[in-house]
Amino acid sequence: MAGAWGKPHMSPESLSGKRRLEPEQERHPQEVAVTKHCDSSQPPLLGDTDSSLSDSEESVFSGLEDSGSDTSEDYADGADGADGDKDSNGTEETSEEQAGPPGPRTEEEGALTRDEYEEDSSDEEDIRNTVGNVPLAWYEDFPHVGYDLDGKRIYKPLRTRDELDQFLDKMDDPDFWRTVQDKMTGRDLRLTDEQVALVQRLQKGQFGDLGFNPYEPAVDFFSGDVMIHPVTNRPADKRSFIPSLVEKEKVSRMVHAIKMGWIKPRRPPDSTPSFYDLWAQEDPNAVLGRHKMHVPAPKLALPGHAESYNPPPEYLPTEEERLAWLQQEPGERKLNFLPQKFPSLRTVPAYGRFIQERFERCLDLYLCPRQRKMRVNVDPEDLIPKLPRPRDLQPFPVCQALVYRGHSDLVRCLSVSPGGQWLASGSDDGSVRLWEVATARCMKTVLVGGVVRSIAWNPNPAICLVAAAMDDAVLLLSPALGDRLLVGSTDQMLGAFTPPEEPTLQPARWLEASEEEHQRGLRLRICHSKPVTQVTWHGRGDYLAVVLSSPGHTQVLIHQLSRRRSQSPFRRSHGQVQCVAFHPTRPFLLVASQRSVRIYHLLRQELTKKLMPNCKWVSSLAVHPAGDNIICGSYDSKLVWFDLDLSTKPYKVLRHHKKALRAVAFHPRYPLFASGSDDGSVIVCHGMVYNDLLQNPLLVPVKVLKGHTLTRDLGVLDVTFHPTQPWIFSSGADGTIRLFS
C-alpha cells in the first residue's frame, strides 16, 4: 500500500520521527528513509529512539512527508492483515524480506483506494493535516502544526530565511508575486493563472465563474397559459385537510385573552366630528393653565353706555362729530360705530357689522400667539461699531490744493521723488513730465514717443533715476533736478559699468542711450519681447521688477541695475499677472493675478503664501510700510484688506466706490491709505495697524475727494501719497494731476 499513497516504504526508525541524525548524515528525509530501508539486515531496537531530545531538536529533519509516510505505512500494514507482529510498545518491526511484493488482494485494495482518492472532489486544502478547526495560533510556540490520524506530530517546515533572503527571492523569482503561504501546512504555494484570474475578478467585485452571465433572460417558469398537465402532480398532504392542532391552540389562547379583557377588539371610528373650546379652561389648575407659556384668550371689552339702544344724550354725537368720524380712517377712530338712540328695543334693526366683528373675533382667537417669546431688547445704535470721529484722526487730506495741467491726454501714472520735492507723470500723449510739487510748475518734458503705462522714481535718495514703461521697453531717465552732485554721481555709477567678456543669454537687452537721447535725459533702455505694463523698484534701488503683457512664465522679469542683468524668477505661470510689488523689509515678491495674490520668498525660491481676495479681477496692489498688511483693488469696486498674520482670506472688504478701482496706495509715514476709482473720486481711509498682535487694525473712511471729470467712462487712474506730508496726488482721464492737502 505504500505505492498507493505515493510514499516509499520506510523503516520504523524513520517513521518514528524521534531519532536525530548525525551532522554528517544530514540529508533529505526520504533519502534517509530509503537508506535505512535498504540497510535493514538487522531489525531496529526499541532503544534506538532518543527520547531525551527536545521538540525543537526533533523538528530539524522531520516534516510533513515523514508524517504522511507514517500514516501510509500504518494503513498498508493494517490492510495487510495480521501478518505483522507488534511489540510491547506498539512499534511494528519489519524487515526487507518481509516487505515483498504485494499479493493480489493487496493490489486490488490499493487500486480501489487509488481510484477513490484520485477522483475525490473534496475542498480540503491538505488531507494530511487533520488538525480540524483548531486555531493555528495555538501552535505558534510549538515546532509542530498538528497531529495526524495516528496521533503523531506534524512538524512545521524549516524557515531559516531572513528578510534579505526574501528580498532576493522577490527580485530574482518572477513568480514571487503569486506565491502565498498555506497556513494549514506552512508551505509556499504558487498560484496558477486560473487562480490569479479568479482573485482579480473577486477584487473587482465580479463573479468568480468566468462563464456566469448575471444578465441572462429570466425564464418564465409559471406562465399565464392554461396547460394540460400540471407543473407538479404531487398529491396533497394529509395535513392540508386536517385541522391544525397548533392553530387551534393559538385561537384558544386569543379567545381566552379576549374574555379576560387583555385584548380589546377594534371599534369602528366615530364619524361625528368633535369640537371643543380651546379657550374654555382658563383655570390656573387646568392643563393649559399649568403651562408656563400659556396665553389666555383676549377678552372682549364689556359694552358701555355708548352701545346701548337708548344711550344718554351726552353719548350721542353731534353733526360735526359725525362728519369728523366719517372722515377719519378706520384705524384712527375711537369707536368703530356711531351711537344711536331708539325708542324701544323692538325698533332696533339688525346689526350690519355683525359678521365682520365675529370674523375679527375668530381671528383674534386662533391668531393669538400660543407661546410667549422673550424679546431681546437691543438698541439698534449698539449694533453699529463705535468708530472714532474723523476729526480725531487728523491729519489727512481734506481739500484740493493744486492742479497740474500740461498733458493733452489721460495721465496714467504718477511717482514722487524720495524727498517729496519733485513729481513725475506719464501720459498717453507720449511724454514724461517732471513737476515741482510746491508750485505745480512743469520743470522738464521728455518725449518718449509712446504711451507711458507706468512710471516709478528710484526710492534710493542716493540715485537720481526715473524708470518709465513705454511699449516694449523700460526707459531709465535722469531728471537732472535738484542736487547736481547727486545727478553727477548717478551718471558716474552708470558709466563705470564694464560689460562682461562673455555675454550671457538674458530675457531682455540692455542698450546704452545715444548722444541725442543722452541730452534729453535718457540713460539706459531695457528692451523686451512684449509690451511692458508695470515697473516698480525695490526699496534699495538696485533691482526693479517689470510685468509683461504676455502669457507664460516670462510675465515677470527682475532687472539688476548695477550689473545690468535680467532674470525670469518663475518657471511656470499661474494666470495673467496684473501687478507685482516688493516687500519693504523682507525678501518677498508679491505677484497679483486675476483671482489671487501669491507671495514668493526670493532667497528660498518657494511660494510662502497664497491670498484669496474673492474678487473677479484684481487691478492694483499696495503693501503697508510695516509689511504685515496688504490692500488690493479690483474692477468689481472692492477694496480688500489682508492681514498676513491673521489669515489668507480678507480681513475686511470695503465697498465704498461705485465703479472699478484703478489704484490703491499706502502712506509711508501716516496711518492712511487711499483708493482711486472710475467714479472720479478718491476715498481716503484711516488704517491704524497696532503693534499688539491681539488687536485688529482699525479701518475708518475719513474723506471722499472729488475733482476729476469723467472722460470716456474713466475717472481716477492713479493715486500716490507724498512721502513726508499728509498729501495725496491723483491723476485722471481728464489730463490733469490734482494735489489734495
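Glycine is no exception: its Cβ is also placed from the backbone N, Cα and C atoms.
TrEMBL annotations:
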{"type": "COMPBIAS", "residues": "19-39", "note": "compositional bias 'Basic and acidic residues'"}
{"type": "COMPBIAS", "residues": "45-54", "note": "compositional bias 'Low complexity'"}
{"type": "COMPBIAS", "residues": "67-82", "note": "compositional bias 'Acidic residues'"}
{"type": "COMPBIAS", "residues": "105-115", "note": "compositional bias 'Basic and acidic residues'"}
{"type": "COMPBIAS", "residues": "116-126", "note": "compositional bias 'Acidic residues'"}
{"type": "DOMAIN", "residues": "139-397", "note": "domain 'BOP1 N-terminal'"}
{"type": "REGION", "residues": "1-127", "note": "region 'Disordered'"}
{"type": "REPEAT", "residues": "404-445", "note": "repeat 'WD'"}
{"type": "REPEAT", "residues": "654-684", "note": "repeat 'WD'"}
{"type": "REPEAT", "residues": "716-741", "note": "repeat 'WD'"}
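Long-range neighbours of the repeat 'WD' (654-684) within the same chain, counting only residues 6 or more positions beyond its ends whose Cβ lies under 8 Å from a Cβ of the stretch, are 395-397, 619-625, 631-641, 699, 701-710, 713-721, 723-724, 726, 728, 730, 732, 740. Residue counts for the repeat 'WD' (716-741) under DSSP, split into helix (H, G, I), strand (E, B) and coil, are 0 helix, 16 strand, 10 coil. Residue counts for the repeat 'WD' (654-684) under DSSP, split into helix (H, G, I), strand (E, B) and coil, are 0 helix, 17 strand, 14 coil. Per DSSP, the secondary structure of the repeat 'WD' (404-445) breaks down as 0 helix, 25 strand, 17 coil. Across the repeat 'WD' (404-445), mean pLDDT in this model comes to 91.
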